[in-house]
Amino acid sequence: MKINSFLIILILLFISIKNSNGEPEKKFKLITLLAAHVQDLGFNNMVNRGHVEVSKAMKLEDSQAIVVVGYNDTIRILAPLVAVGDVDLVICSSQDHAQACRELATKYKGSSIKTQFLVRGSGEATSNLITYSYNYANANYISGYFAGLYTKTNKIGFLSPGAIDNNNDSFVYAFWYGAKRANPDISFYYYNIGNYLNPDKTVAATKDLLDMGCDMVADTLNDFSTGNTLIANNRKTAMGTSGFPQRDVYGEDVIYSYNYNWFKLFYPVAQSVYSGNTNNTNWYADFNLNETISFFGLSFSFTVPNETLTKFYEELDYLKRTPRLSHPYFCNDLMYEYAKKNHLTMSTNDSTHCLANSQFTRINAPFPGMTWLGNYEITLTEVYQSRPIQIAISSISSFFIVTVLVMMGLVVRFRKNPSIRSASPIFLNFILFGALIIYVGIIIWSSSINSASCNAQFWLVTLGFTTLIGSLVVKNVRIWLIFDNPELKLVKITNLQLVPWVGVCLVINIILMSILTSVGDLREVNAQGIDSLGKYEFMRICKMNSSGASTLYTILAYFAALLLIGVFVSWKIRIVDILEFNESKAIANTLYAISFCLFVIVPLMISPQDKQSEKIILCIAGLFIVTAAVLIIFVPKFYRVYIFGSGGTSDMFYKKKKQSPVATARAESTSKGSSGGGAGSGGATGGSGVKTNKRGNLVSGDFSDDTESSLSEPNKPVKVVAGAVLAEFTDDTISDLDNIDQPIEIITENGQDSNNNNNNEENKDNNIENNKISEEIKENLKNEENNDGDN
């Protein structure tokens, strides 16, 4: 007994030593290529499940499932892995991988690389190439048969990728023929999606089919988007036709589903490769009477009537017992005429009305009774800008348009009033007309977009700003040239001389805008992916190319140059003490308003902005800039007209106020240098009818809209007190001295003749003469203020 036990122990020990010292267990590396991620709950999920089950059954430590899409991706990823030489089997599950895998198999055939490729499709097998296929037509036929039995509305819908992967719509036909065979009264509608995996189109197309009254909708796609849409719409007729056991996930919401069992195909192939077999064959998967090797699994809801199940299984048993090439979708009364019409080849025995096996996947055109709805395209939804904001901007702009028109009328009505005449009515109306154009442009900018409005808004706004700013600048250049004239040279500047300069500004603008329009390709486009739009939403926007953008920047630089000129002119005329002409403060305030807007707008525009927000900011900024400019320039003028009446006098510009230190110092200097009141007492004190400026100098003049000239009487000498500004503004010219031919006698502020200094008697005479001149100025002012001008 002890001997027997000892012998058994020795035998077991010997076996253990033999196994431990023997050849190590053969390693096996498996790679499976997927066309999409496993989350699709469809074809790729089931392929991955087959890969995992094979790895578990064979206890593989080195197996990978890799997602690759298309030929290039397959070559790029797979070729380096195969070149290492340690990959035993590559499963190319999709037809997307087929060409690349076949090329690699051909490349390494007969080489030291022992990798074998299991490729989906047909063709001759080689020592390192195994092909496989499965009866997809059979699965679709029997699914259609169930749909025909179960439908209540007799309307069935279907979705397919369409004419891709050389499949065309042959499987749609198989589904339809199964439904037609079960229920001849059905109506059948189908869309092509264009891809095996496009959930957005699938959902939208399914909804369309439901709206048409279809209660059964199936597909040949890789996911369950169709079924999910039916479930979301409270339909209890979802069908799982993607090869995934959908009922395992959705339960009774799915009425019927079939699933692939890839393990039953992959495992025997992997075992064959593992054993070293190179005598490869083609593999084919289908329903089988032997359930242990049947590729398809079926599942039904408990709500399916027994009568329906009975008819279904009767048809399925018929398919299992009938050779595949004699199945109803190959052989029927419709096939002969269809093949003849579409140039397909029938089988050798035409009397059977069976299509040749190689011709089945060429079926694409619909059979009589199939309604093809075309290639489905999702209808994009247009997103409009906020209607209330659009109405608000348009209403405000319209109000200011009316206001500007009223102002233009008032300028014409009160053109003789010194408050208006001194600012040149023609240029005031130019400024208002520019504002009017901008307001119209803002209305177009805020309205619906088309190619015409895209161009119109840029033209109107740029021309408006050029007219407004150009007129303001040119008008004040005249004041600068007149008063920046220390030598009292003759200066003649008429409106006819100034208006062309505004025209020059406009011509430059027109040239730049013409370039933008011609080369900028400024047009309306339907933009997607902006302003947090949905995937299938769009917004109309104006778009230009890079050349147009460069031109637009040039236009902006041009506007900046005009503004800088305006700043310069404003600074230069600040010294003009005649308030009728000194608009430097108004111009400065206008420029401050524009600058304020720029400081606010530029950071906002640089930061990421929605197109709608950008449009609103630009429109509001335009309204603010133009309105501020108009109010700053015109409100003081109309206010003076209102206070002093429609006639008005030049006195409206002068207010009693404390003299500036400079003016006080000059007045004191004048008093000390004169003997008794002279020019100092008569001029600096601003006696009755005589006005003084900030410097204490005499000011006299009549102001019209377009000319400036000195006071003089024909054929008489003109005596001018040094430091006094003498100007009469008529309709013809603007000059410091009209009668240049007459002798000019200059009298200094000290009352001394420039040709005879230090003569006290002459000083007294000059002071008396200075007072006489002041009286003449006073009388002339009264006469001119009562004299209506034409402009």
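Cβ atoms here come from the backbone N, Cα and C positions, even for glycine.
Quick look at what Swiss-Prot lists:
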type: COILED; residues: 752-781; note: coiled coil
type: COMPBIAS; residues: 674-689; note: compositional bias 'Gly residues'
type: COMPBIAS; residues: 761-785; note: compositional bias 'Basic and acidic residues'
type: CARBOHYD; residues: N72; note: N-linked glycosylation site
type: CARBOHYD; residues: N168; note: N-linked glycosylation site
type: CARBOHYD; residues: N279; note: N-linked glycosylation site
type: CARBOHYD; residues: N290; note: N-linked glycosylation site
type: CARBOHYD; residues: N306; note: N-linked glycosylation site
type: CARBOHYD; residues: N349; note: N-linked glycosylation site
type: CARBOHYD; residues: N545; note: N-linked glycosylation site
type: REGION; residues: 664-715; note: region 'Disordered'
type: REGION; residues: 746-791; note: region 'Disordered'
type: SIGNAL; residues: 1-22; note: signal peptide
type: TOPO_DOM; residues: 23-390; note: topological domain 'Extracellular'
type: TOPO_DOM; residues: 412-424; note: topological domain 'Cytoplasmic'
type: TOPO_DOM; residues: 446-453; note: topological domain 'Extracellular'
type: TOPO_DOM; residues: 475-495; note: topological domain 'Cytoplasmic'
type: TOPO_DOM; residues: 517-550; note: topological domain 'Extracellular'
type: TOPO_DOM; residues: 572-585; note: topological domain 'Cytoplasmic'
type: TOPO_DOM; residues: 607-615; note: topological domain 'Extracellular'
type: TOPO_DOM; residues: 637-791; note: topological domain 'Cytoplasmic'
type: TRANSMEM; residues: 391-411; note: transmembrane segment
type: TRANSMEM; residues: 425-445; note: transmembrane segment
type: TRANSMEM; residues: 454-474; note: transmembrane segment
type: TRANSMEM; residues: 496-516; note: transmembrane segment
type: TRANSMEM; residues: 551-571; note: transmembrane segment
type: TRANSMEM; residues: 586-606; note: transmembrane segment
type: TRANSMEM; residues: 616-636; note: transmembrane segment
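In the structure shown, the C-beta of N168 has more C-beta neighbours within 10 angstroms than that of any other entry among the glycosylation sites N72, N168, N279, N290, N306. Mean per-residue pLDDT, taken over the topological domain 'Cytoplasmic' (637-791), amounts to 46. Among the glycosylation sites N168, N279, N290, N306, N545, the residue whose Cα lies closest in space to that of N72 (N-linked glycosylation site) is N168. When the glycosylation sites N168, N290, N306, N545 are compared by Cα distance to N279 (N-linked glycosylation site), the shortest distance belongs to N290. Long-range contacts of the transmembrane segment (454-474) within its own chain (CB-CB distance under 8 A, at least 6 residues past either end) are made by residues 427, 430-431, 433-442, 444-445, 498, 501-502, 505-506, 508-510, 512-513, 516-517, 522-524, 542, 552, 555, 559, 562-563, 565-566, 569, 587, 590, 622, 626, 629, 633.
Non-local neighbourhood of N545 (N-linked glycosylation site): V519, G520, D521, each in the same chain, at least six residues away, with C-beta under 8 Å from its C-beta.
Rounded to a whole number, the distance between the Cα atoms of N290 (N-linked glycosylation site) and N306 (N-linked glycosylation site) is 23 Å. Sequence-distant contacts of the transmembrane segment (425-445) (same chain, at least 6 residues past either end, Cβ-Cβ under 8 Å): 393-394, 397-398, 400-401, 404-405, 407-408, 411-412, 415, 453, 456-457, 459-461, 463-472, 474-475, 495, 498-499, 502, 615, 618-619, 622-623, 626, 629-630, 633-634, 637, 705-706, 791. Per DSSP, the topological domain 'Extracellular' (517-550) is made up of 8 helix, 12 strand, 14 coil. Here the Cα atom of N290 (N-linked glycosylation site) is found 31 Å from that of N168 (N-linked glycosylation site). N72 (N-linked glycosylation site) falls within a helical segment according to DSSP. DSSP places the residues of the topological domain 'Cytoplasmic' (412-424) in helix, strand and coil in these numbers: 6 helix, 0 strand, 7 coil. Same-chain residues lying 6 or more positions outside the topological domain 'Extracellular' (446-453) and placing a CB less than 8 Å from one of its CB atoms are 384-385, 389-390, 393-394, 397, 522-524, 540-542, 615, 619. N168 (N-linked glycosylation site) falls outside any helix or strand according to DSSP and counts as coil. Taking H, G and I as helix, E and B as strand and the rest as coil, DSSP gives the topological domain 'Extracellular' (446-453) the counts 4 helix, 0 strand, 4 coil.
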